[in-house]
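Some notes on the structure that comes next.
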Amino acid sequence: MKKALTSGADALILDLEDSVAPDAKSAAREHVSAFLDRRRDHAVRLLVRINPLESGEAERDLKAVVGGRPDAIMLPKAQGQDSIMAASALLSALGGSMPLLPIAAETPPALFTLGDYAKLSVHLFGITWGAEDLAVSLGAARSRDTAGALGEPLRVARAMVLFAAQAAGVPAIDTVFPDFRNTAALSRYATTSAADGFSGMLAIHPAQIPLINAAFTPDETAIGRARAIVQAFGDNPGNGALQIDGKMVDIPHLKQAMALLERAS
């Protein structure tokens, strides 16, 4: 875990769920708790992925880690408002107030609760989703084709998660790309993810981090154009539409430019 702090990732997820065998849960909690206690004011945000609320392990997970003040709790198998309020109540009872990052689309029923998050933003760190678990829940033969593209049902779920996050006003974080050796496909997927409006993407291997960071970091050309748009509207405060470099730009373009500059900073 200590090595991961220097990986270049913006956040590190300390996992107590899928990567931990049932008979190793207790030891994992001790390791994560100790790691959180040693961390002080590090630039990398630390999240803890607990076990699902219905597993019987979630409350024990939270008891072990709340004192270490993680930046957020990652909540698997989330089911909209019911899950968020239940997890928030558990945290409050334990003296914790950190936000939640729900994995909001790992099962078909969860898709029908995505509209809940628009009124739960005060509890949220962001919203993400799990393509692999959802594919299993659907009975799909695979989550992606050989080129790394998601299957059609998963593309629908991905779009719905993006809409849900935007409606809630919180970051949308795209799912993992499992084939970490396929760097070309990962770069294509991450670039598309950033272009679609996702704020970031989950990584499962350190080698993926530079590629994901590159995809989500605006290049100098894009930054320059965004600055020009912001400057033009600043110089012409009464105008709702302007011409820049032979192209018409209006208020939506201004908002897009401001968001890009914020991301670049």
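Backbone N, Cα and C define each Cβ position, glycine as well.
Residues or ranges marked as substrate binding site by TrEMBL: ARG49, GLU106. GLU106 (substrate binding site) falls within neither a helix nor a strand when secondary structure is assigned with DSSP, and so counts as coil. The Cβ neighbour count for GLU106 (substrate binding site), using a 10 Å radius over every protein chain in view, is 26.
Listed in sequence order, LYS77, ILE103, GLU106, THR107 are the same-chain residues six or more apart from ASP133 (Mg(2+) binding site) with CB atoms under 8 A from its CB. Look at ASP133 (Mg(2+) binding site): DSSP puts it in a helix. According to TrEMBL, the feature Mg(2+) binding site maps to GLU106, ASP133.
The domain 'HpcH/HpaI aldolase/citrate lyase' feature in TrEMBL is assigned to 1-206.
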For ARG49 (substrate binding site), the nonlocal same-chain Cβ neighbours (under 8 Å, six or more residues apart) come out as ILE13, LEU14, ASP15, LEU16, GLU17, ILE73, MET74, PRO76
Stretch-averaged pLDDT - the domain 'HpcH/HpaI aldolase/citrate lyase' (1-206): 95
